[in-house]
Amino acid sequence: MGSRSPPKKSSSSSSGRPPTVKFARRTSSGRIVSLSRDDELELGLSGEFAPNSDPNDYINYTVLMPPTPDNQPSEGKPDDLPLPPYGPNAKRGGGGQGTTKLDRTVSVIKPNRSMLLRSQTGDFDHNRWLFETSGTYGIGNAFWAPGGGGGGGGGDGYEDDEGTGVSMSDFMDKPWKPLTRKIKIPSGILSPYRLLVVFRLVALALFLSWRVRNPNPDAMWLWGTSIVCEVWFAFSWVLDQLPKLNPINRATDLAALRDKFETPSPSNPHGRSDLPGVDLFISTADPEKEPPLVTANTVLSILATEYPVEKLACYISDDGGALLTFEAMAEAAAFAEVWVPFCRKHNIEPRNPDSYFSQKGDPTKNKKRQDFVKDRRWIKREYDEFKVRINGLPDTIQRRSDAINAREEMREVKLAKEKGGGGPEAAEGIKVAKATWMADGTHWPGTWRAHSADHSKGDHAGILQVMLKVPENDPVYGGHEDNKYMDFSDVDVRLPMFVYVSREKRPGYDHNKKAGAMNALVRASAILSNGPFILNLDCDHYIYNSQAIREGMCFMMDRGGDRICYIQFPQRFEGIDPSDRYANHNTVFFDGNMRALDGLQGPVYVGTGCLFRRYALYGFNPPRAFEYAGLYGQYKSPAAKASAAGAGDDPEARPLTVHPDLDLPKKFGNSTMLVESIPIAEFQGRPLADHPAVKNGRPPGALLVPRPPLDAPTVAEAVSVISCWQDKTEWGSRIGWIYGSVTEDVVTGYRMHNRGWRSVYCITKRDAFRGTAPINLTDRLHQVLRWATGSVEIFFSRNNALLGSRRLKFLQRVAYLNVGIYPFTSVFLIMYCFLPALSLFSGHFIVQTLNVTFLVYLLIITVTLTLLSLLEVKWSGVALEEWWRNEQFWLIGGTSAHLAAVIQGLLKVIAGIEISFTLTSKSAAEDEDDIYADLYVVKWTSLFIPPIVIIVVNVVAIVIGFSRTVYSEIPQWSKLLGGVFFSFWVLAHMYPFAKGLMGRRGRMPTIVYVWWGLIAITVSLLWITISPPSDNETTSG
């Protein structure tokens, strides 16, 4: 920073008076005193100084300002003064010719010439010079002198020797700022965590080695079974633990994002948004299982989110083609015209109406506008009426359809009578299809209530309806004429584009469930809006944080963001019972495992709450990627471009290990508009090229062009791409969501990572999205069954991580391998849960005796696991209770749903038989006022059988083992203790399952009495066997 010269003083030659100089010195104690006395002395004849001071008092004192960087003398310097630390020819930057501007004529104190020198070093004291001469620090953004006089230039700025005006605003340009930053876990937590992992790994190896070398000759079958299970558990623990070695946190800077993309600049003079467009996808399939009101609230939260309106587009996929969903979305679009401006006006959070009005607490907190209470009261009434209309839609559609069908039937009968001569027999054979009618009196092209040809769930035409058109590019403010109840005069009332889509379905085509529906939305949105980024949500997951999209965009638009394929947000749930009996929150996975994967190549895709890069979904490779070689992927090198040789082979026959550049998608379909939109989406998704380190960027201001309005040919093209034409394309195999698995989300994310893309886990301070989760035991087990079945399918498919390319990091490969392997742990887990009971039944244990070595190993393994859990809780933020609930449900799900998934997967792979585990009986909740009523409902399913058997067998085994030991001549208490300890370990994990079977407190199901009866009979028989009655007792009886 350049120095600033002292203010220019008038010389004695021009005024006839000596200059005013203030003399002082600092004593060794730090006190400032004058040159001759303690009170202040001033020289000067100006009226602003002491009038009694005599100008001749110090007539013999003169001061020559020592040369500084901004004050170089134009004349020779007295030889008796020491040289300053600056060169005699040093010049101010930018000057050098106008030396008259740098002349200074002041007095020098000849007797005290060393006062301006530091006492010890003899160097020039710049701080003392600033004090004694009222000098300044120069010009810059750290200091600016009052009035802006900078040594020659006066006024508001500094004028250099060439007359160029410089103001402080020239120094206030903001530097380049990153939009995100990594926050590493403190080393005080992470280092002990890694050390304990290594220590426990060594302890496990030594323990297993000792177990193998010390068999139990009394029960070899028990010893061998336990060894096999323990080896597998150790292997499974390693697969789960290794990807957790590098957890990280991330933070975003929304202010920097706003400054970079929405602040006036030379490339953006009007300050319009230069952010890329975002297309939001919502998927629903059945209005009976997924209530339209829930879906409508999700749509309203999207339409009201804080993102440039002209850059947003919302699409809903109704895979059931139901008129109920269609009309509910039309009602939501109408209600959004008042709900969205209300949210913007009063900064409402959350922007889901149902969640907002259900919040507990004071709604006026932090609200300052005087009309808030009046507006809230009115919008609450409007929402209540909106809910009533949604709830009444099924009856409205039914009455309308019945009335029109009756009218059509009467018309057909009348025509038949006219053609048949008026006889009643002419109208007897006439049958009119029971159609479903829209409000305008036309046939609904989708699914009818009474299914018929071309109008059933699996056989109907494609439907695309633009319910809210493309908004204008400039803000549109409301007026009193638009709404006489609320004042929107200072509120932007524009709404994002909203499109209803129901893809075509025909018999004989595999429509691939949710994955096929999402790919139809990708194609339709590419024609209509072509947002370079796609956010997909389930119909029950709404936007809880209106800034969530901006938070995700910080990662996409930051340096290196062009290599990110998606941003995964954690799933948060509402309506979970306070104790979270069945670990529905799943915080161990979302806050632990996913955060750890973020330190590798990125988290897995979990199906909802994910912001995709459209270009990555199209199956293309990242602009830059790396390959990892070596046993542990320790050798990293930039990925080289491969030639196209062999690209014409069958793409399905090639394994995924081939070079990704030979596997680029080629068959997008016959839509020219779709193919032409691909490079546009790729360019618009690039970060700004505002820094030399930003590679593959776009120029600022490139996205300021307004979106053109939709025309009929464009909409017709969008309708054509949601038909069944994709069978001969690469959609589902190389492009979009991948088909062939129940868990299409995991496979889709794996394919992107396998090409070298990275993903990011974005945990926001306020939850980004919230949804619902099943709290009933049966529903929860069936949810876990679906996930586990998909994992088994992945393991037996070409998507197995063992077959991945070299662009997949080693630990990321381990994480994906664990995704496919973890269901198989259920086989060994069930065996191990029966071992304590078998030990108690047989009177033997897995070891011959409970010696010190076994107990020490057991203690070390248990303590290290406990410490690891505590440290993991520390860096992940998971509560101990949540961790314990997760451990309990891991055992419950592992012995029920995971085992069923393994059996189903093996039957499908070996015999081609698909088995679906469905509910055999259902019952509704008895208490509708209790939001947790479904928690106590018992819905019997075959998944209950293995855990029930495990509980009953272990309880009976404890009783038998205790009875045998007590009545034995030589009690084996050590073996009893070992068996009972492990049995209680199993039963403690099964407690939530048993509690769920008992239903509501005080209402025990009949099956529980059956258990107790079975146990009582078994114990009685065993008691008679162990201690039979004597002959004397029998005779006396």
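The backbone N, Cα and C atoms fix where each Cβ goes, and this holds for glycine too.
Heads up, TrEMBL stuff is auto-annotated, nobody curated it.
Annotated features, as they stand in TrEMBL:
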- 1-19: compositional bias 'Low complexity' (COMPBIAS)
- 1-31: region 'Disordered' (REGION)
- 64-101: region 'Disordered' (REGION)
- S283, K289, E290, D319, K513: UDP-alpha-D-glucose binding site (BINDING)
- D319: active site (ACT_SITE)
- K514, D538: Mn(2+) binding site (BINDING)
- D745: active site (ACT_SITE)
- 815-838: transmembrane segment (TRANSMEM)
- 850-871: transmembrane segment (TRANSMEM)
- 943-964: transmembrane segment (TRANSMEM)
- 976-994: transmembrane segment (TRANSMEM)
- 1006-1026: transmembrane segment (TRANSMEM)
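Here the features listed in TrEMBL are painted onto the structure.
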residue : record                           : Cβ neighbours (10 Å)
S283    : UDP-alpha-D-glucose binding site : 24
K289    : UDP-alpha-D-glucose binding site : 8
E290    : UDP-alpha-D-glucose binding site : 18
D319    : UDP-alpha-D-glucose binding site : 22
K513    : UDP-alpha-D-glucose binding site : 15
K514    : Mn(2+) binding site              : 20
D538    : Mn(2+) binding site              : 22
D745    : active site                      : 24
Cα-to-Cα gap, K514 (Mn(2+) binding site) vs D319 (UDP-alpha-D-glucose binding site), nearest whole Å: 8
Nearest of the binding-site residues (S283, K289, E290, D319, K513) to D538 (Mn(2+) binding site), judged by Cα-Cα distance: S283
Distance, E290 (UDP-alpha-D-glucose binding site) to D745 (active site) (CA atoms, angstrom): 20
Neighbours of S283, K289, E290, D319, K513 excl. site residues, C-beta within 8 Å of centre, UDP-alpha-D-glucose: T284, A285, D286, G320, K514, A517, C539
Largest CA-to-CA spread of UDP-alpha-D-glucose binders S283, K289, E290, D319, K513, angstrom: 15
